[in-house]
């Protein structure tokens, strides 16, 4: 690489195949994959880097294009996957902690209100970025404070949930961020009741979603006043198949890679669905799956 990389304590890996990391099993190579040792290491990288920086989490809601990711791709590792109690109704979690682990940890601590997270296969950082939600609840309703590093200046900031300016599947912060820690609020409850709610969340997910397939969660956000899956279904796209990827018959807002599809195959199929909904309803669906790369 012609441009030198900042001296850091974390780990650089070069020309990393992203198809082995993503839930959809697609994507080209990342030029450089970096896992920081700690917050200071991350800040140092951002302040000194001469290459563009991208951020990935669990890659459970992402299509990485076949040409891969140029520059430096940051992925928080186990050093940021901690979950700990602050008091009897609050939990602090690192950006790399899985949302499902957070839900079950809360249950073990007899803290209720986070059960819906058990069905979301992403990280705390990714969930904060997209205001992840399920079954009528979302991150905005349970997060208190968030710590984030700005990807432009490399400085550390703290925000309240109100300062984030959350809305459906997004937030209002200007600029680009990597979310490294958050404090979540709940209410004290009995363990058996929480366990039952966790079971209900997982049962509902298993019954309504293609959990055994290669997928990346919901393809599109719900437009105001309607459900994306219903628009897709009524546009004749349930089960739409291009030979390597298809729209799930079980839940038609899910895209499946079932026969070694490429990222382009998946993206093209999603855009066919967008076009069909636009033609029938004059509604422009917005991708919920994040598309990354050239």
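Backbone N, Cα and C define each Cβ position, glycine as well.
Pulled from Swiss-Prot, these are the features on record:
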- 169: active site (ACT_SITE)
- 218: active site, proton donor (ACT_SITE)
- 288: active site (ACT_SITE)
- 26-189: domain 'FAD-binding PCMH-type' (DOMAIN)
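The residue listed as 'active site, proton donor' is 6 Å away from residue 288 (active site) when you measure Cα to Cα. The residue listed as 'active site, proton donor' falls within a strand segment according to DSSP.
With a cut-off of 8 Å between CB atoms and residues at least 6 apart in sequence, the same chain places 130, 131, 132, 133, 221, 288 near residue 169 (active site), listed in sequence order. Cβ environment of residue 218 (active site, proton donor): 228, 253, 254, 288, 289 lie under 8 Å away, each six or more residues apart in the same chain.
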